[in-house]
């Protein structure tokens, strides 16, 4: 079991203090989750604490590689609408 933090991480430190297994550390350009320490909060919390506090959509991946906070999950803006709005802005 292990989650993964990817390059879109903004190093806000929010996840470090909420990790019950102390599996998150700064290791290069962004934080890293230790695969040997990460329990995905099983037995401690119903939700993965790092993902629940992360302010960046897609910065934390589940073990299967899917985003813990997929596009639209934090903003409430459906990804289709966001893509449409971006096209409208770029067309100006």
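Glycine residues also receive a Cβ, built from the backbone N, Cα and C atoms like all the rest.
Database features (Swiss-Prot):
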BINDING   9, 12, 15, 19  [4Fe-4S] cluster 1 binding site
BINDING   38, 41, 50, 54  [4Fe-4S] cluster 2 binding site
DOMAIN    2-28  domain '4Fe-4S ferredoxin-type 1'
DOMAIN    29-65  domain '4Fe-4S ferredoxin-type 2'
Practice task
Look up residue 15 ([4Fe-4S] cluster 1 binding site) in the DSSP assignment and report helix, strand or coil.
Solution key: helix
Problem - Averaged pLDDT, computed only over the residues in the domain '4Fe-4S ferredoxin-type 1' (2-28) - result: 94
Handout entry: Within-chain partners of the domain '4Fe-4S ferredoxin-type 2' (29-65) [C-beta distance under 8 Å, separation at least 6 from its ends]
Key = 1-12, 14-16, 18-23, 71-75
Practice task
Sequence order is fine: just name those binding-site residues in 38, 41, 50 with a Cα within 10 angstroms of residue 9 ([4Fe-4S] cluster 1 binding site).
Solution key: none
Exercise for the section: Whole-number Å only: compute the distance from the Cα of residue 50 ([4Fe-4S] cluster 2 binding site) to the Cα of residue 15 ([4Fe-4S] cluster 1 binding site). Expected result: 5
